[in-house]
Amino acid sequence: MATATTLKAGTRPPWVGLGAAIWVQIAAGNAYNFPLYSHSLKSVLGFNQQQLSMLGVANDIGENIGVIPGIACNYLPPWVILLVGSLACFFGYGVLWLSLSRTVESLPYWLLWLALCVATNSSAWFSTAVLVTNMRNFPLSRGTVAGILKGYGGISAAVFTEIFNILLHGSSSKLLMFLAVGIPILCFAVMYFVRACTESSGNDPSENSHFLFIQGALVVLGVYVLTSTILDHVLSLNPAVCYAILAILFALLLAPLAVPIKMTFARMTSSKSVPIDIDQRVSSTDSLVQGDGSMEKTEPLLMKKSSSATTSESFRECDDGSEVAMLLAEGEGAIKKKRRPRRGEDFSFTEAVVKADFWLIFFIYFVGVGSGVTVLNNLAQIGIAQGMHDTTILLSLFSFCNFAGRLGGGVISEHFVRTRTIPRTVWITCAQALMVVTYLLYASAIDGTLYAATALLGICYGVQFSVMIPTVSELFGLKHFGIFYSVISIGNPIGAFLFSGLLAAYVYDTEAAKQNESNSMLHSSGFSCLGPDCFRLTFLVLAGASALGSILSFVLTLRIKPVYETLYAGGSFRLPRTSDDQ
């Protein structure tokens, strides 16, 4: 009993789990590695561009279809979810390695397509497990936690690129072996620590400083990776320097673990310096109960377990007389009637899908992320069409700004929702409005705007990830959050298929055919489309879609503003009373 009293609620266990979750979130970025080995699949296995593009579709589908892990999070512990993801990673990438390394000859194309889909689906299992667990462990800091985890997910592509270039010496076969074996080993090592534990109560005054430290470490990591990537392209670094860069990278990834280590030593020091503090608090508590019988002294303790007090609280919060009578009857045990949840309470999936807010979030996310991933998938061709020969800097710039948007979206939305009760969706509205300008910049193809447009798009793209996650949890609760998150994430591959697979591909091929006189010459010779017309119509359509998305996001913001004014009325998140409370 003394040990349970000594450990302040929500201290060491949640922070250890968050540090472990960061490594799992890096592992969840394995789907971003497709560009690193896709060229080898094409050259070694003899695939044409259409076959390679379909493998890219398998990569996107596997990464974003997470309905099954979302449902499993409600019934299975996190370590089981991570175990399933590890097995998917091992078997999926293992089959790809067997084919690419020529260990097994002539594997059918359909088997490789399925293997890649299974391999990247491990990302959905990993990401869902750590997001759901940590959102529940830190229910009062959802935006901050989502921003941190999604920020590490955004920077994971650059981390894997450094490993690919330095440790694996640019070998696609070694990379697939590393993904098949290294990621499962990592998950096995940390899965014990990713678990549900005592929720953070928000009463720890050092909690904000701990979050700031982790966010600062993430910013340093992002700047460091971007700088080292640029130096690697500009300078010819010797192997010793390269390995030193990689060692520093791993040290920065370990930085978040400094928080639980520091808290462990601080608690040990505190327990040695004040050995009788716990007993004094217990005795003083007993004196309140066993003293002169004054109601003023005993009431705070009795309130914690008094069902009549809970009913009285509900009485004060309820304006409708009929609901008051219902609550009083329930408190007396006369009737048991389940009412529909209000926004902010725990919804079931069937209760959520009939709400307009749920589908507004889905469509807004589908437009914003689906249009953004269209540019990401075609960024190399966009650069070539506008006269760039080396597009790797564009990819690095988008990756860094994507990371900055994910981290910044979580931090900024958390600040303003606490200080001014501004709904988080305000920032999605701003991001999609800015995306309209960005797509018009792309369509204009004015000299010098390509880098600026790519940077702006990366930020806006990242913001929507870190804002959508806490918004869904705040409106529909954490109990079934994994399912909600997984279903809304389906908007990503749907948007990619419609905007990229159909629209952008059709416009590009049509313009390329005009330039090269015939489709047969285009496909046989592999000619590229050059000039702003290659994507102009696509960008105009994306601008119109983002304008519609920003309008719908504004409507959603107006709808949920009263909800946020209630949830954050006191400057911090107030967990609503559910129908199961007693």
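Cβ atoms here come from the backbone N, Cα and C positions, even for glycine.
The domain 'Nodulin-like' annotation in TrEMBL covers 14-261. If you look up TrEMBL, you'll see 355-561 marked as domain 'NFD4 C-terminal'. Among the features that TrEMBL reports, transmembrane segment is placed at 79-98, 110-133, 145-169, 175-198, 210-231, 237-259, 358-380, 392-413, 425-444, 450-469, 481-508, 537-558.
Tertiary neighbourhood of the transmembrane segment (210-231): same-chain residues 15, 18, 22, 141, 144, 147-148, 151-152, 155, 158-159, 161-162, 237, 245, 248-249, 252-253, 255-256, 258-259, 393, 396, 400, 403-404, 407, 411, selected by CB-CB distance under 8 Å and a gap of 6+ residues from either end. Counting only same-chain residues 6+ beyond the ends of the transmembrane segment (237-259), those with a CB under 8 A from a CB of the stretch are 15-16, 18-19, 22-23, 26, 159, 162-163, 165-167, 210, 213-214, 217, 220-221, 224-225, 228, 231.
Counting Cβ pairs under 8 Å to the transmembrane segment (392-413), the top-ranked stretch among 79-98, 145-169, 358-380, 537-558 is 145-169. Of the two recorded stretches, the transmembrane segment (79-98) lies close to the transmembrane segment (175-198), with three or more CB pairs under 8 Å once pairs fewer than 6 apart in sequence are set aside. Averaged over the domain 'NFD4 C-terminal' (355-561), the predicted model reaches a pLDDT of 84. When Cβ-Cβ distances below 8 Å are used as the criterion, the transmembrane segment (110-133) is approached by residues 17, 21, 24-25, 27-31, 34, 41, 45, 54-55, 58-66, 69-70, 73, 78, 81-82, 84-86, 88-89, 91-93, 95-96, 99, 146, 149, 153, 179, 183, 187, 194-196, 469, 478, 481-482, 485-486, 489 of the same chain, each at least six residues removed from its ends.
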